[in-house]
Amino acid sequence: MEAKNEKSLRESYECLYGLRFPNSKVFDATDSGSGAFNGSSSNSSKNGALDLSVLIEQDEPTVAECCAWTRARFFTKRKFRRLLPPLKWLPNYSFNDAKGDIISGISVAFTIVPQGLALASLAGLPPQYGLYTSFMGCFVYSLLGSCKDMAVGPTSILAMIVLPYVMVGGAQYAILLAFFGGCLQLLAGILNLGFVVDFISFPVISSFSLAAAITIASSQLKGFFGLHYSASRVLEIYINFFSTIGSINLWDVGLGCFCLLFLVPLQIFKEAEIMPHWSKCKPRSYRLVNFIYSLIVIGRNALAVLIGSLIAIYYGQRNNDENLFTLTRKITPGLPSFDVPQFSVLSVNGTVTKPFGEVYDDISTGIFAVALLGLTESVAVANAFKSPSSGKLDASQEMIALGVSNLLGSFVGAFPATASFSRSAVNHNSGVRTPLGGIITGGLVLTALSTFSTYFEYIPETALATIIITSVMFMANPTDILIIWRTNRIDLIPYLITFITSIGIGLEVGILIGIGVSIMILLYHMARPHIYSVIKETPSGHSFLYVKPDRSIFFSSIEYMKIKIGKNLKTLEQINMNSGGRETNCLVVVDGEHMFRTDSTFALGMKNMVNDLKSRNVSVIFYRLRRIVFRVIVGVSMHPTLFHNCRTEEEVYRLIRTLNETTIKHSSSMCVGTLKRSHSHTSTYRDELGTRHLWMTQSTSD
């Protein structure tokens, strides 16, 4: 009999865990008082029961096996092709590819140079820092990036997030934000955490974009009107603006209005077709006119800076007044040096040196905001311009490329960078063929730094302000709130919270709070699944409580499920009391059809609930429970158990009839009984329900 039980037990666990137990490898993992089978009947307990808590002893791997596994896992051709995307497209690079990359690289350079100057001003930095940020991202992404259209460099949102930290610690704080933000992005990419950006919901992104557009445009009022004050929050900006409104420079306002009248129509009609009626009668003239117009549209920001600078120089010399317009500050000409960032920073007033601990406390919030927003923008741009033939976007590789760009950029004095929608659109429309176009752009930026940097000080601030204002005018879509109102009004909560905190506290805090609120709402819905609970009857007239969750149940839902079961259980007990004096057991049937995964906390909670119901003479039957869920639930039991899990409805009805007709006083709700039960009782139970049904594993569905 012991040999038969041992064989049956072995078969059950082999089916349950998908493992095979060699006789020499199974050993006892329980207390000394209990036995485990190992091919010998001497390890059985005195009463013949067998311990189900067994472990499998595995041979420890050798160094050679570890090296072979590491080589096969990390050092394959596929891994190298993923880490270095040029290995995919460079062998087939053609002359036509080079022509498209050169044209697009030049086009993006005409856009990124004036934008870099303007965004450095937005971040509170000298103009050359915008170009430092521009060229390194172009070079690195060409080697590590997977999206040919993406143009990495400074953006208005990241520049606005950097501004309050620059006001505290100067340019060094901006450089450290790029360094630590890049480290965080690189780590996320190495750990394959590309899915993290999926937790940023549409209401949070939409609300943050609207708040960022308002904040950025408000911050440029100072440069547009020629005022002088320091502020980074919207409320502070308008307080300072109205307090200094009497000092408006009308020359700056006039030049700013001229730049707006030049830039806004080109921004609105950037895809317009000039002289369409010439396309048939004068095709050459038609192509020439539209080509010139496309060049003007692409280089509109550079033209605005050039025209504004010429106007400022002309009227300044004519009136013999160099301060007629508010010009950018003097800058450091030439190329930057390649140095490790300084982690102890001299304060803005130049009197106190802050140690690294204080510096990190100052910028810690900004590090996470910069890393998260950079990843979000980068993945969003890559998805927007991804071609159908390129396959699924590798978000983790994009994280690696962006992280290395920021990390190396900090060595040349760059502030945080990410992908830009506007420049990526220019890149795409210019016919870029491969990421190699970024090297052309980076080379032209370096040329501008080494050749024209001495002339940057003649650029009017109002011209840079208008470039930023026009770039953010179309960044946000306020009508998104109507979509949210019509679809799911619960999403208004993260939308409004993100907007209010971003405007009132700051963009870097607002986005983090918005993401937190959005995740809390997501977790709330996960913790409150729909649980169908109703009292049913078998064909033989036995009542039972039928419970069916509509999804997988995890630790956050166990208490909620207990409450739902407890409410209807009282009704079931009342029905059994009124059953005409017939003694019946209260039964709960849990349908696991939609339970694909679970966790140990849920299993422990179910065990406690079943034990609690056992004390009330209530039995629990699981129906259509999957093997992976069954493993978790059985794994919490430290003593041998037999588990009710039926595969078909007929098996459920038979088991309910048996439990109501058979007196089982000491059976667990989760368990029919233990292996310590007498063999005669076990045999009777098998005769009535079937052997494989008793051992559970044979009726578990996948």
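In case you wondered, yes, glycine gets a Cβ from its N, Cα and C as well.
Predicted automatically and left uncurated, TrEMBL annotations should be read as such.
Keep in mind the model is a prediction, meaning the values are calculated, not measured.
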Range among 61-77, 129-145 that TrEMBL annotates as transmembrane segment:
129-145
With the ranges 226-246, 436-456 to choose from, which does TrEMBL describe as transmembrane segment?
436-456
Quick check on the annotations: TrEMBL lists transmembrane segment for one of 397-416, 557-576. Which range is it?
397-416
Quick one: find which recorded stretch in 102-123, 129-145, 397-416, 463-485 has the most Cβ pairs under 8 Å with the transmembrane segment (290-315).
102-123
Looking only at the recorded stretches 102-123, 129-145, 157-180, 363-385, 497-524, which one has the largest tally of CB-CB distances under 8 Å to the transmembrane segment (436-456)?
129-145
Of the stretches 102-123, 129-145, 363-385, 397-416, which racks up the most C-beta pairs under 8 Å with the transmembrane segment (497-524)?
363-385
So are the transmembrane segment (129-145) and the transmembrane segment (363-385) touching or not, going by 3+ C-beta pairs under 8 A with a sequence gap of 6 or more?
no
Can you tell me which parts of the same chain pack against the transmembrane segment (157-180), counting only residues 6+ beyond its ends and a CB-CB cutoff under 8 A?
119-120, 122-126, 129, 133, 212, 215-216, 219, 230, 232-233, 341-343, 345-348, 354, 359, 362-363, 366-367, 369-370, 373-374, 377, 406-407, 409-410, 413-418, 506-508
Overall pLDDT for the domain 'SLC26A/SulP transporter' (99-497), taken as the rounded mean:
86
Who are the chain neighbours of the transmembrane segment (397-416) in space, where the CB to CB distance is under 8 Å and they lie at least 6 residues beyond its ends?
82-83, 85, 120, 123, 125, 129, 132-133, 136-137, 140-141, 144-147, 152, 154, 158-159, 161-162, 171, 174-179, 181-190, 193-194, 336-341, 370, 374-375, 378-379, 382
The transmembrane segment (102-123) and the transmembrane segment (463-485) contact flag, 3+ Cβ pairs under 8 angstroms:
yes
